[in-house]
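Peer 1: Relevant sequence annotations retrieved from TrEMBL are reproduced here:
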ACT_SITE  133  active site, nucleophile
ACT_SITE  268  active site
ACT_SITE  298  active site
DOMAIN    45-299  domain 'AB hydrolase-1'
């Protein structure tokens, strides 16, 4: 898949769960494939891909191989947006509102995408939603809150709630930023952003992967990740983390009607299957669960293409 440049669309107005409103709200997005129309002239082959915590519209490349001729997602109109709060779309940094940007929830992130689909493409129901990591938070919330708006659901390396280590990591990042003297003085807290990104790096891959690195290699990789973290906007990070920390669909998964295929990685340190994907599968009616091994841990989601035939069978079953 060619990276390509994103397209942009502005929502006339967006209302947050809190009741606050923003006007002229930017959405960054990319599409793959062509829309097909039903007898009423509406698009009937849309599949939404939702990226994870640090991603954007271009993260759809994770599933790009599945859109090739003969693969599982051939013939679908794939839509990938940069989520609410992520640079590219409306966020504290891109609106220049900083700490005056409204606090948002995962449900706000879902409604942001739903409103875009309706205003830009006239889409009120999609064929499916695929969400990775924090994108999975949104996909699950969408399916639970609006069960008639999708036919299939694919949550990848994710969970229905934020608990334990994940909650602690988000909280720790926020404490680092908020306690940084530069942040208190209105300057960018580069040290806090660097240190928090170095820490997060240690959870992205498997414990086995890190054990296989020589200590200088590990130190170098941590510093590289820290340098990338310095480029982030602190308010974008704080707001996104707060949304993630409040993610909790306890008691709501039974509402999901979409056929559901869940993927988990046995070595995922963020979402260990025994704590997340396995119990989640038990809570979603009729769901299917695929677990696989990957030294890449959480990032093993990039290997999902090897399950193309299984995914194709799942989607075909949905359409019959």
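Each Cβ is built from the backbone N, Cα and C atoms, and glycine gets one as well.
TrEMBL annotations: computationally assigned, not manually curated.
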Peer 1: Compute the average pLDDT of the predicted model within the domain 'AB hydrolase-1' (45-299).
Peer 2: 97
Peer 1: Tell me the Cα distance separating the residue listed as 'active site, nucleophile' from residue 298 (active site), rounded to the nearest angstrom.
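Peer 2: Residue 298 (active site) to the residue listed as 'active site, nucleophile', Cα-Cα distance: 9 Å.
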Peer 1: Can you see whether DSSP assigns residue 268 (active site) to helix, strand or coil?
Peer 2: coil
Peer 1: Once the chains shown are all counted, how many other Cβ atoms turn up within 10 Å of the Cβ of residue 133 (active site, nucleophile)?
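Peer 2: Its Cβ has 25 other Cβ atoms within 10 Å.
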Peer 1: Round to a whole number and give the Cα-to-Cα distance in Å for the pair residue 268 (active site) and residue 133 (active site, nucleophile).
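Peer 2: Cα-Cα, rounded: 11 Å.
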